[in-house]
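Report on the following structure.
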Amino acid sequence: MTYYKGNTRKNLGILALAGMVISSMIGGGIFSLPQNMAASAGAGAIVLAWILTGIGMFFLANTFKILSLLRPDLTAGIYMYSREGFGPYVGFTIGWGYWLCQIFGNVGYAVMTMDALNYFFPPYFQGGNTIPAILGGSILIWMFNFIVLKGIRQASFINIIGTICKLVPLIIFIIITAFIFKLSIFKTDFWGNTVTKSQPLLGSVSSQLKSTMLVTLWAFIGIEGAVVMSGRAKSASDVGKATLLGFLGCLCVYVLLSLLPFGSLPQYQLSRIPNPSTAGILNILVGKWGEVLMNVGLLIAILSSWLSWTMIVAEIPYSAAKNGTFPEVFAIENAYHSPKVSLYITSALMQIVMLLVYFSSNAWNTMLSITGVMVLPAYLASAAFLVKLSRDKTYPKQSSIKPRTAICTGIIGVLYSIWLIYAGGLDYLLMAIILLALGIPFYIEAGKKNNNAKTFFSKKEIVKITIIALLALLAIFLFSTGKIRF
């Protein structure tokens, strides 16, 4: 077999890109959404939470759509928008952080898959951190690695099938709960004000709203899936369309899934159903077969999302290496135009993290929380780049999108991204800077071999590197002195 660095093959259509967006957003967590939402809020607060989240995420989705139209040359958008707007080090840091975030996220899928298998084969996979679970998760890590190595187009086709298969149980759940839905039950204690022995006070609507939005903000992580894969899209316009299509489709599923159960069961009962709560709800409403169906759907959902993220997580360092921001070895493709080296390195790191799950589950959970917030600055940088681009004199005059529309979209996207970062946990973000600082040697190595080395080590870039290094030292100090605890 011949291995080479070549031009990326552009063979993903709108269906494949939309499937990537939907599959990366709808993972195993959606099967626990009814209980997660009902745990601390009534139906009224949940409605408000979805309205506010929907508005914020719409502007972020529209940010990606507008950028893909204005700058179709910037493939692998999440990384390229940051680099183009704010320099090579910011671009590298966003790409590095996003990459590490998804490495830990994919191992999280491995743990969830094994834990879900425990429903069918107890007690061998309990908690996803037993020896059989670690072995099973490791096998799946490398299985997905080799699937993607056979070609992104083939992997995306499998992903489309997986996306359809995991939507079927969710649609059945929605149909059943809609059929049983009673408005009188739904309206009962709509704002969560009633207090009984079995139903404690949920608090004010604002407090319910805040706790519920901490759930909704994570529901749309992955909305950038089509943007990350834009370098392989048949058409730049398909990227924006797929992003909005995926967003609207997922929003509809999320809203129906979290609200319809309130028409058949009261809030206090929904809040006590074990997760995956969709399985528990159907067990109550239709019997055991409904519970089995939801658990099968959970497995398919996790595996499908995992495949999507395997493609996405290898694409970022591959794209960054192609323009010299990551070490050039990451840019090597195989004969199927898959990012061979990037995939192998990513899978090897996932394998190492998988061992951490077994030897220290507490450390694993903390690291998962820390790396989870590392995707959020990428959203902020993308929205900020749109604002910057909208004010630039080089804004494309022939564009159908007016600068005023673009800048308003970008500003709202920036504000919502700041909210996401705040809600995600500033302590976690500060600790994440330590991991970002670990990338500095790799940036220096890539910069030395880049044709524009002066740009990589300009005064502005040196200042940025210094700030990250100092913040990392501050985080280490605060953690060592107990000022930051988890």
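Indices start at 1 and increase along the chain as displayed.
Glycine too: its Cβ is placed from the backbone N, Cα and C atoms.
According to TrEMBL, the feature transmembrane segment maps to 12-31 (among others).
Packing against the transmembrane segment (37-61) from elsewhere in the chain are residues 186, 189-193, 202-203, 205, 208-209, 211-213, 215-217, 219-220, 223, 243-244, 247, 251, 254-255, 258-259, 261-262, 267, 270-271, 379, 382-383, 409, 412-413, 416-417, 419: each is 6 or more residues past its ends and has a CB under 8 Å from a CB in it. Feature annotation from TrEMBL assigns transmembrane segment to 37-61 (among others).
According to TrEMBL, the feature transmembrane segment maps to 89-111 (among others).
Taken from TrEMBL, the feature transmembrane segment applies to 131-149 (among others). Beyond its flanks by at least six residues, the transmembrane segment (131-149) meets 106-107, 110-111, 113-115, 117, 124-125, 155, 158, 303, 306-307, 310-311, 314, 334, 336, 338, 340, 343-344, 346-347, 350-351, 354-355, 357-358 of its own chain at Cβ-Cβ distances under 8 Å.
The annotation transmembrane segment is assigned in TrEMBL to 156-181 (among others).
Residues annotated as transmembrane segment in TrEMBL: 211-230 (among others). Long-range Cβ contacts of the transmembrane segment (211-230) within its own chain (Cβ-Cβ under 8 Å, at least 6 residues beyond either end) map to 12, 17-18, 20-21, 23-25, 27, 29-30, 33, 36-37, 39-41, 45-46, 49-50, 52-53, 57, 60-61, 64, 67-68, 72, 74-79, 152, 236, 238-239, 242-243, 246-247, 250, 254, 305, 308-309, 311-312, 315-316, 372, 375, 378-379, 382, 419-420, 423-424.
Long-range contacts of the transmembrane segment (242-262) within its own chain (CB-CB distance under 8 A, at least 6 residues past either end) are made by residues 14, 17-18, 20-22, 25-26, 30, 33-34, 37-38, 43, 46-47, 50, 54, 57-58, 61-62, 64-65, 68, 167, 170, 173-174, 177-178, 181, 185-186, 216, 219-220, 223-227, 270, 278, 281. What TrEMBL records for 242-262 (among others) is transmembrane segment.
If you look at the transmembrane segment (292-314), the same-chain residues 6 or more away from its ends with a CB under 8 A from one of its CBs are 19-20, 23-24, 26-28, 30-31, 99, 102-103, 105-106, 109-110, 112-113, 116-117, 119-120, 140, 144-145, 147-148, 152, 155-156, 158-159, 162-163, 165-166, 168-170, 172-173, 222, 225, 228-229, 276, 278-279, 282, 338-339, 342-343, 346. For 292-314 (among others), the entry in TrEMBL reads transmembrane segment.
Feature annotation from TrEMBL assigns transmembrane segment to 341-361 (among others). Same-chain residues lying 6+ beyond the ends of the transmembrane segment (341-361) with a Cβ under 8 Å from its Cβ atoms: 99, 103-104, 106-107, 110-111, 127-129, 131, 134, 137-138, 141-142, 144-145, 148-149, 310, 313-315, 317-318, 321, 329-332, 367.
Residues 59-60, 63-64, 66-67, 70-71, 77-79, 81-82, 84-86, 90, 94, 97-98, 100-105, 108, 218, 221, 224, 227, 353, 356, 395, 406-407, 409-411, 413-414, 416-418, 420-421, 424-425, 428-429, 431-432, 435-436, 486 of the same chain, all 6+ positions outside the transmembrane segment (367-389), place their C-beta atoms under 8 angstroms from a C-beta of that stretch. Annotation source TrEMBL lists transmembrane segment at 367-389 (among others).
Residues 88-89, 92-93, 96-97, 100, 325-327, 369-374, 376-377, 421, 456, 465, 468-469, 471-472, 474-476, 478-479, 484, 486 of the same chain lie 6+ residues outside the transmembrane segment (428-444) yet bring a C-beta within less than 8 angstroms of a C-beta in it. Taken from TrEMBL, the feature transmembrane segment applies to 428-444 (among others).
With a cut-off of 8 Å between Cβ atoms, the residues of this chain six or more beyond the transmembrane segment (465-484) that come close are 89, 93, 427, 430-431, 433-434, 436-437, 440, 443. Summarising the annotation, TrEMBL assigns transmembrane segment to 465-484 (among others).
Within its own chain, the transmembrane segment (156-181) is flanked in space by residues 12, 15-16, 19-20, 22-23, 26, 30, 147, 253, 256-257, 260-261, 263-264, 278, 281-282, 285-286, 290, 293-294, 296-297, 300-301, 303-304, 307-308, 311, which lie at least six positions past its ends and keep a Cβ under 8 Å from the stretch. Within the same chain, residues 27-28, 78-80, 82-83, 128-129, 133, 137-138, 140-141, 302-303, 305-306, 309-310, 312-313, 316-317, 319-320, 325-326, 346, 349-350, 353-354, 357, 367-368, 371-375, 377-378, 381, 432, 435-436, 439, 442-443, 446, 456, 461, 464-465, 468 sit at least 6 positions outside the transmembrane segment (89-111) and bring their C-beta atoms closer than 8 Å to a C-beta of that stretch.
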